[in-house]
4 protein chains.
Amino acid sequence: MSDSSHPSIVDFRRDLHQYPEAGWKEFRTTALVADELAERDFTLHLGTDAVAEEERLGVPPEDELLTAIERARREGAPERYLDRMDGVTGLVAEKTYGDGIGPVVGIRVDMDALERTEAQDDDHRPAKAGFVSTHPNEMHACGHDGHTAIGLGVARELDRNGGFDGTLKLFFQPAEEGGRGGLPMSKSGHLDDVDHFVAIHLGLGIETGTVVAAFERPLSNAKLDVTFDGEPSHAGNAPQKGRNALQAAATAIQNLYAIPRHSDGVTRINIGQVRSENPQNIIPEEVEMRVEVRGGDAELNEYMLGRAKRIISASAEMHEVDVETGLYGKTTTFTADTDIAEAVADAASSVEGVNEVVPCDDMGGSEDASYLIRRVQENGGQATYVGIGASNPYGHHTARFDIEEESLPIGVGVVAETIRRV
Amino acid sequence: MSDSSHPSIVDFRRDLHQYPEAGWKEFRTTALVADELAERDFTLHLGTDAVAEEERLGVPPEDELLTAIERARREGAPERYLDRMDGVTGLVAEKTYGDGIGPVVGIRVDMDALERTEAQDDDHRPAKAGFVSTHPNEMHACGHDGHTAIGLGVARELDRNGGFDGTLKLFFQPAEEGGRGGLPMSKSGHLDDVDHFVAIHLGLGIETGTVVAAFERPLSNAKLDVTFDGEPSHAGNAPQKGRNALQAAATAIQNLYAIPRHSDGVTRINIGQVRSENPQNIIPEEVEMRVEVRGGDAELNEYMLGRAKRIISASAEMHEVDVETGLYGKTTTFTADTDIAEAVADAASSVEGVNEVVPCDDMGGSEDASYLIRRVQENGGQATYVGIGASNPYGHHTARFDIEEESLPIGVGVVAETIRRV
Amino acid sequence: MSDSSHPSIVDFRRDLHQYPEAGWKEFRTTALVADELAERDFTLHLGTDAVAEEERLGVPPEDELLTAIERARREGAPERYLDRMDGVTGLVAEKTYGDGIGPVVGIRVDMDALERTEAQDDDHRPAKAGFVSTHPNEMHACGHDGHTAIGLGVARELDRNGGFDGTLKLFFQPAEEGGRGGLPMSKSGHLDDVDHFVAIHLGLGIETGTVVAAFERPLSNAKLDVTFDGEPSHAGNAPQKGRNALQAAATAIQNLYAIPRHSDGVTRINIGQVRSENPQNIIPEEVEMRVEVRGGDAELNEYMLGRAKRIISASAEMHEVDVETGLYGKTTTFTADTDIAEAVADAASSVEGVNEVVPCDDMGGSEDASYLIRRVQENGGQATYVGIGASNPYGHHTARFDIEEESLPIGVGVVAETIRRV
Amino acid sequence: MSDSSHPSIVDFRRDLHQYPEAGWKEFRTTALVADELAERDFTLHLGTDAVAEEERLGVPPEDELLTAIERARREGAPERYLDRMDGVTGLVAEKTYGDGIGPVVGIRVDMDALERTEAQDDDHRPAKAGFVSTHPNEMHACGHDGHTAIGLGVARELDRNGGFDGTLKLFFQPAEEGGRGGLPMSKSGHLDDVDHFVAIHLGLGIETGTVVAAFERPLSNAKLDVTFDGEPSHAGNAPQKGRNALQAAATAIQNLYAIPRHSDGVTRINIGQVRSENPQNIIPEEVEMRVEVRGGDAELNEYMLGRAKRIISASAEMHEVDVETGLYGKTTTFTADTDIAEAVADAASSVEGVNEVVPCDDMGGSEDASYLIRRVQENGGQATYVGIGASNPYGHHTARFDIEEESLPIGVGVVAETIRRV
């Protein structure tokens, strides 16, 4: 197969950027990747074969998923893969190189976009260059379009230049934002025989040309979707007849921020979204709230989660309102393994365009590749999380996020070279 | 002028019902009324001549008003009156009957719709009969379409059957919902020479055929629009850098509901709407909140308002966030005058379809006709607020609200007969 | 028996004032009263025969009671009655006059002092005149010393001047302050055959010479003693190990004051006392809190009580602390009966020193005579609560409270004259 | 001078234990130490010459100090030193050994007891052995009696066995508990020429025989005494007339615990004591509150302090109550200097009874020797804080705290040996 039948990985990234798909809606993205990898003789595990369906977190309502599938169809997703996905996104693609007696190497890239609207003016390069998002309230503002392109680029590079004897497993993970797809993919079974595992991320404050071989110790986190459900009442005529969901929420908010600090390490708590939509004269009967807790390790995160749930439940009880608390997303933490990190560092040093290699650093944020990494480690494999520098003037998750595309071949090079060396 | 050139008041009410206009957007309604009253030789005071412009409360943003004017134009509002309004709705129409040595009588009806979407299924009579609202999120769910029709009906009735010697002033008030239009209309100057004043309301839990001659002692109230404005920050990486608008709001909410009860009478407090729209991992920098306080009289209302403002301001100060607190609406209270109430009761007894007359009752809710009534009383006039029974299966402000149209001629009759008797 | 063997009722009142006994500690007071009434051939029901023991509220710890008994002994309480009381204060004294076919009349006076320290300087008359309290933190600051003296005075007056044919029951109630003794005395059985019942109170803002024949509609109330019991921990080394009783209490306080107002009438809530006694660096493991709720009637009081208990319990649950909530005291409300109130008004008009008789007024505060009154009414009797004017420059419950003693013979006269007339 | 004229340091410690004096009341302790050191030709700096008077924190009321002086007099404090102290405790004692060309060495010991009552039963060794505290609510529960004894022991040891050429300054610090005496002593001027500085502490979880040469990085902290001062009102009759100090305090408590965590390091917050003393039916007009904040370094502590003050002030403003916020105590943090720590470690290894020397460890708690240490370091000196193991079955600050007295000669040995080596 000739590569020329495909767009370059830069063009491929731009195509994804133009048609971004938020978590669990990556139908077009998955299908496009599947289509090329099938041509390249990869064995495909799609949808429920790539993620443990019942472990999925923060899945949008069914009607939104159907709309997303229809959109993917309209926007050129190969029909056959849409059908095979059966409503669940995600792909594990597997191929054996050489005589197949070598190790199993896993590479994880994530595919989902964020729910925010991209800047459309000419000061924003994707807009000026004509590949700005065409989907309102969806945008690749975290570089996952680049990750997916690198994943595909690695397959192309190994096909083209070889140098690896073993089995390559490419994990195209859905729904990383919010920490929703990592857990179910970690339970797919496909990680259990992986000997060496590398996850990657572009940007994260690192300039193009720098590579961090082991970005580790992210904060564990958990996101809760909370709905307090009481009883409305006219606030003038019968205030006592209401069961006030807002008093429950305000009590919860005050006490959530006041969860005791923990002497074992870092903890965090935040409530980002609160919505009560009543007119002024009606006792609020429904309040929605989105909460996030974090911990320096999984135990600290569980401490915060336990306290938060108790506070939320008691606040509802106090004001005699019902409450539903759903887990929207969850991540854990990990420490990278030394051997694989060193292999990455060695590999990176040999890649054109790399001018600095940082052996390891603390990640700061949260990342659900952590579940995949721990799964590999629990089964005796080695894993690391690699930062691929990509200069960008605006921060991740902003409306003007962009990546320097020189980082894409660097990413492909670092990963492919690492695969050859392990 | 022949009445046959105009739709019946039932048809007129249905037309208004189909094209409902929320507070300060009653351009079409005002223009249609003005058009007919001009034909009937009323002197018109429109827009800023009907309401004191700078006293208006809860006015929507300019662009919404422009959109509403354009819509009114499209939907048949007589052009000339749109122009004369100059962006401000409301109408005082004045006409002298007989030799003009009789008293000045004021009649107040309100014109605005509510911001809610009307039920569209065939179980809802307006839908089945083809006059359901065609404006999403606007609906005559409080009967003001009927009020406006009755106001016009009174003019027709006096033109047709006479019996009054004096000056009639018809007050077509905008923006009653939320208590936004009463105060500015009370300061228009047009009430200062009114000797007898009657405001009316359909429904309010009274069956068709019953008339309450003096619905009095509504709760004073005030509505506040509050915006807390802080600083966002990443909740994992730098929680201390945020200035948390949600902590300010939660503190305010807890303390607002806890404003001490008052031994002089009834007080109320509610927060209906709260909105913080951040993702879970960003310290909330902006929270919007809609608050309402009430008091059994104006002093109690001021007590609540003063305490509420202090709490809101100190909550912001506590969390180092800015806060803007705007008055969205305000009402006061009143007691009806005996003579005019008795005149109404007498008049009502003589009207066909009326089978019960209740001398007086407490209103319970809040009403900004209170400002007009007090203005009349302060200038030595007499005033009452009349409840015109109108059976309806669903409550006011619900998506299925409707009125029995037999109440419309009753309303016209009660008001016209009262005018003849004072 | 000659009255001269006894101190005048003014002197008796001064003796009680000098040796005040707080609720459930009225051993000396009870014994002195019992002693004289026994001489006067009253049948005595003492202690557990005067109050239903298991229904007592807010009883101090056993050791405090023992100390109070010892003190009474030292301060001249007749030994034999101390023994008969067996640790429980209170007295119902009964005597039949004439041929005993007349009605049963009940008179209720309360005996307990308040827990506060009396002013000791010469600007305070009891101090200057030498009968100031000798008990630190106990003081007759509500006039119950005068009530007890009036109760005894009534017995003397009827013995001396006759004029009554029937059975007189004198209820010397313990522990009125806090509403602790009324409920158990109402369940003693002694009220069930009472035909006419009068409770009295001195002062209450009424000048000497004025009598209110029916002081009615007190607020129902309930007092809760709450103890939150958590786990201490060093706030620096292990904040997460504490179970913070203070966070529970603060959450409860915020939400208690925010219990929704009730459209059926008056409600009240207050937390007077809060105590957490830890050093700054220890997470508070115990917090004591004293709460009071009130309602315009018994149902409103139950509404407040139910909400308060739910809030307290959920606050404890929220912070994983234990909580004990004990009922410290409780009162209900009542309306006086017309016939007995008129009899009191008639009687008062004939008493020397009375210059104004008010037929009825609202009480405002709370009063546990309400339980006795309702018991009488439930069994077909008539009852009222009488205000005996007694000018005093300082308010009830203050360190400088005093009563004009001219009110004492007036009180005796009004009650005795009423007894003669029913 | 013969040592036999003095009690052994064990007996001296037991004497102090029996007559414990809480912070700023160490009159007897200071005077006894001064008396012996004067005999030993030390130059004495007493009271305001030992601490900067206006910098003192958490000083008890004047009458308590006078009572403490009287008690000291009664319990055998040498009169002349009581006079010289002039109401302020604390002592810097200075002596030059040899030809005085050697370095200036400072040794700091603290003298104050805690405000708690010691266990009095025979299971508690001080009680059984007859030296239990005779002062209710004062107890040496942190080993400062031993520290003072060691300070004196060092003077004896150097007098007896020499080996040091230079100037010895002994800092007998008052009021360490709460962090009240360190700051004013650090500003006395006496530390500015100190070349080598050692502070010591017994116990702290270390077994007898172990010495920690550098106990460092304590948490900075600050303690606030807060009084909210509002207006009382009858909670039934006029709840609106109160200015509720308890609502202010509860709002503050909720928000204090919710001060955002800081990404730069450890922060802590606690409220240990809260007192509102009203009866249930009076709106609380006064609430006292004791707060402590901590930070991993001085900046973090200032962050917490600033946020806490803002919250307290805004809570008062919200409820229209006055507030006074006084600094009760404050500490900072430090890192020990390597050279002096090594000197201590060397010295310790040579002392009989020492079987383990730990070079350095984190302290965890807070300590106001930090101010003295930083003062020395700022002026170019070297300083460390030494842990002298002293097994004790119960924790510091408990009613059963005791120290193994074998630790006393070890303490003397380690310090004296260090002085000889620097």
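Each residue, glycine too, has its Cβ placed from N, Cα and C.
Remember, TrEMBL labels are computer predictions, not curated facts.
It should be emphasised that the depicted structure is a prediction, and the values quoted were computed from it without experimental measurement.
According to TrEMBL, the features are:
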- B:Cys142, B:His144, B:Glu177, B:His201: Mn(2+) 2 binding site (BINDING)
- B:222-309: domain 'Peptidase M20 dimerisation' (DOMAIN)
- B:His397: Mn(2+) 1 binding site (BINDING)
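Projection of TrEMBL feature records onto the structure.
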residue: B:Cys142; record: Mn(2+) 2 binding site; DSSP class: coil
residue: B:Glu177; record: Mn(2+) 2 binding site; DSSP class: coil
residue: B:His201; record: Mn(2+) 2 binding site; DSSP class: strand
residue: B:His397; record: Mn(2+) 1 binding site; DSSP class: coil
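In sequence order, B:Val109, B:Asp110, B:Met111, B:Asp112, B:Ala113, B:Glu176 constitute the residues six or more apart from B:His144 (Mn(2+) 2 binding site) in its chain with CB-CB distances below 8 Å. Confidence over the domain 'Peptidase M20 dimerisation' (B:222-309), given as mean pLDDT on the 0 to 100 scale, stands at 96. In this structure, the C-alpha atom of B:Cys142 (Mn(2+) 2 binding site) lies 6 angstrom from that of the residue listed as 'Mn(2+) 1 binding site'. Rounded to a whole value, the Cα-Cα separation of the residue listed as 'Mn(2+) 1 binding site' and B:Glu177 (Mn(2+) 2 binding site) is 10 Å.
Neighbours of B:His201 (Mn(2+) 2 binding site), defined as other CB atoms within 10 A of its CB across all chains, total 27. Of all the binding-site residues listed (B:Glu177, B:His397), B:His397 has the fewest other CB atoms within 10 A of its CB.
Taking the mean position of the Cβ atoms of B:Cys142, B:His144, B:Glu177, B:His201 as the Mn(2+) 2 site, the remaining residues of that chain whose Cβ falls within 8 Å of it are B:Asp110, B:Asp112, B:Leu114, B:Gly143, B:His147, B:Glu176, B:His396. In sequence order, the binding-site residues from B:Cys142, B:His144, B:Glu177, B:His201, B:His397 that place a Cβ under 8 angstroms from a chain D Cβ amount to none.
For the domain 'Peptidase M20 dimerisation' (B:222-309), the number of residues in each DSSP class (helix H, G, I; strand E, B; coil) is 28 helix, 35 strand, 25 coil.
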